[in-house]
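Residues annotated as substrate binding site in TrEMBL: ARG46. Summarising the annotation, TrEMBL assigns active site, proton donor/acceptor to ASP103. Residues annotated as site 'Transition state stabilizer' in TrEMBL: HIS135. Annotation comment: TrEMBL describes HIS163, ILE164, GLY165, ASN166, GLY167 as ATP binding site.
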Amino acid sequence: MKSTGKKVKTVQDIKDHVEAVDIMLDAFKAHNIINDINDIDGTGHRVVHGGEKFPESVAITDEVEKEIEELSELAPLHNPANLMGIRAFRKLLPNIPHVAIFDTAFHQTMPEKAYLYSLPYHYYKDYGIRKYGFHGTSHKFVSQRAAEMLDKPIEDLRIISCHIGNGASIAAIDGG
């Protein structure tokens, strides 16, 4: 898809996510970003919390939707809203792939001693309570970009990455 580079702002009442996505798709057509919705090959959805269930991106199915919903207790402000967007896109674009990218996935290589440090072990064993990292998509991008700018293999780098924006986090990244 191509962008015209022109900024467009529209203010209107929207009743739900399905209507919002429909308006957005119409705007894409109106501004020649796409000719029609068949130009869209797939959608990617940032989902805040994938728990231990999703260590990497995954194609969204009804079962995946259900599992994201079950993980909402770990991210009650984010996962339900993420699901509203996923469901709207799946309803309006049912014949293309939809992929969930989990913020927590980047941190799945964190050693057990790091994600259990300072917690009573039975909290993890009995309740699944552990430490997770967040803003993983941001930290991954920054570490990859740093390797590129330094002209060094990411595997050779030890990076401290700071995400400061809508939320803040710091990650110690060893080898990518």
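Every residue gets a Cβ built from N, Cα and C, even glycine.
Note: GLY165 (ATP binding site) has non-local neighbours SER138, i.e. same-chain residues 6+ apart with C-beta under 8 A of its own C-beta. Here the C-alpha separation of the residue listed as 'active site, proton donor/acceptor' and ASN166 (ATP binding site) works out to 13 Å. Long-range Cβ proximity for GLY167 (ATP binding site), meaning a same-chain Cβ under 8 A and a gap of 6 or more residues, is found for PHE134, HIS135. Recorded residues ASN166 (ATP binding site) and the residue listed as 'substrate binding site' have their alpha carbons 14 Å apart, per Cα-Cα distance.
Secondary structure at HIS163 (ATP binding site), as computed by DSSP, is strand.
Among the recorded positions ARG46, HIS135, HIS163, the residue whose Cβ has the fewest other Cβ atoms within 10 Å is ARG46. Less than 8 angstroms from the CB of ILE164 (ATP binding site) sits no same-chain residue that is six or more residues away. In the three-state DSSP assignment, the secondary structure recorded for the residue listed as 'substrate binding site' is strand. Between the CA atoms of ARG46 (substrate binding site) and HIS163 (ATP binding site) there is a gap of 16 Å, rounded to the nearest whole number.
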